[in-house]
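Annotation source TrEMBL lists transmembrane segment at B:6-34, B:55-74, B:80-98, B:118-142, B:162-186, B:198-222, B:234-253, B:262-281, B:301-323.
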């Protein structure tokens, strides 16, 4: 017996929580690495500005971590509250990485606390760097483990079902499922990329707003360079993800690409609209889908016609795919232009309009993350465990989900406003110029 | 010892850890807000902020660890408890969110904001209440199986005296544990005023604690005779626990050995907590779910235990480092390094 209302609201609530959580989670995974790199560059170049950069990033990071932790706790519990049947089944097979994620999280929490409250206790900057390593590792590994859980939902393995019973369970095989390598790599690389572009947007914004300090220029150059590296990595891994989909989840790729008939020399469809099953206004790139799917221009790509009607994901995921890829390519191009322009001393790099493009890049990258996750998640509908359990069978039977949806929506609105207000106030009240003066004064005080 | 017992012991121990650190956290939030309103803020706020700042996130992880662990070791709990706990646990998440975010917001954004502190303090009292509902439900009698799905009877739950006894006990325990800890911490910080104030609170809350705790046992006798019988078999653990309680109160009354007093308190709660846990054996949800029919498969159990041991190998030294640097570090506790930090934050 399926409670249709509970199913619908459970899906909406889960989507809402995750969509909100991943903004903070992505920053939570990527920023520690950026802080660590800034600290390391500061030590290597003996440049106070980078050390300060690391500190100021960390201060903002704490606020995003707080929201990330509470929304993460929410989704952790909601998994059992909204999808009890799914968790009962999956718990038997996939509990191991879930469990390991909490250890990574624990590890990060401990060292973040130590790092934050020992700024003025260790004179040696290298010790600070040592404290940052576990924070960055913990942050990245919690992403690795939790993405393993998600990839298991896309490609469940490591068990057999005999007469409705789970047998021959192998947790390691469940963790290292076929979806895992591309998914984990794509999530981690895109988190680094997004964080780099968000931080670049902040630096560019300060430069536009009149602070012409060398500190912001250093910050911008460092983050754009890192953003370029990670956006290239993300794109390369994205290509591997396409090949994974062609092999293991062809219905998701076909739905994302509006590829209806199985054929060789399959064209890639960019943009366009779908009207009564007809694709209109689209740009077709001949053979590109075959290349994306199999690396060979003449390869055959499975189309949607091969699947029963009730196992096909919604076709609107094509738009999500387009937006994600377009933003990714655009950001790669923009950061490359910036990097090249700086090397060649092109003047337009320093103009206001170009800096506005960089500012825009921060929110754009976050939009790309959202689009990517929606594509990945909606693309495996109607399954919660592909091929094994339908989403409808997994949901709770409780009648109060709609009420909880309202409650949580209110919470997220408050958290969003709160974090934005606090973050902007924190940095506006204490601009880098003043902090640099303070530090000079402190140093003077020590020597006397 | 079989894996089921090992699994539940591990989880119960972590839950105990959470009860202690979260009680300190919840209670401290309440005392902080209370002191703000009766003008004693200058006495307490520094002590409380200094302790809570580096550990609030770690406290939260204890809880995450428990609920991830229980679904891992006992996947059937996701089915039973997941279905019936939607409302109470969602409220608890909301309160946790208020605490976690406002804590960071207040510390880094708007120091001393009365509204934030008030919310923070209040949520600390509601949280133990919303979480302790789970303990009441586990006693049985509130859940029935309809069409193969568990359904919670809210009316029955909210009109049961057992529910309210456990709620009151959890709140009182939070205030008592927190007060004893902060007495010790303030004493270490050589903060005479804060020590005296917290000592008063500790003594004030000790009596209601022991009265409500005894009351629960009477309630259970009426509600779940089988459980009550098991509790009686473990009477000596409760007696020992009571002796430790007397020790704590005596030391605090005499104004000496606050550290040892907190140690006795930890022992008191550990004994009572584990005695309660043992007496609940073998049920996770009376009478629908035992640890045996809710347990995961053997392969998963073994790999979870291995992951747990490896994780602890990482965790214990890190926690030790954290405690060394903040809790047992003289310079930090007495605030030698605070002044420079503070200016930079504000």
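Note that Cβ sites are derived from N, Cα and C of the backbone, with glycine treated the same way.
Beyond its flanks by at least six residues, the transmembrane segment (B:301-323) meets 3, 6-7, 10, 54-55, 58, 69, 72-73, 295 of its own chain at Cβ-Cβ distances under 8 Å. Just going by CB pairs under 8 A, the stretch in B:80-98, B:198-222, B:262-281 that sits most against the transmembrane segment (B:118-142) is B:80-98. Counting Cβ pairs closer than 8 Å to the transmembrane segment (B:262-281), the top stretch among B:80-98, B:162-186, B:198-222 is B:162-186. A Cβ distance under 8 Å defines the sequence-distant neighbours of the transmembrane segment (B:198-222), meaning residues of its chain 6+ beyond its ends; these are 31, 44, 139, 161-162, 165-166, 168-169, 172-173, 175-176, 179-180, 182-183, 186, 228, 231, 238, 242, 245, 248-249, 252-253, 255, 272. Among residues of the same chain six or more beyond the transmembrane segment (B:162-186), those with a C-beta under 8 A of the stretch's C-beta atoms are 20, 22-28, 30-31, 44, 47-48, 51, 124-125, 128-129, 131-133, 135-136, 139, 194-195, 197-199, 201-202, 204-206, 208-209, 212-213, 215-216, 219-220, 223, 248, 252, 258-259, 261-262, 265, 269, 327, 333.
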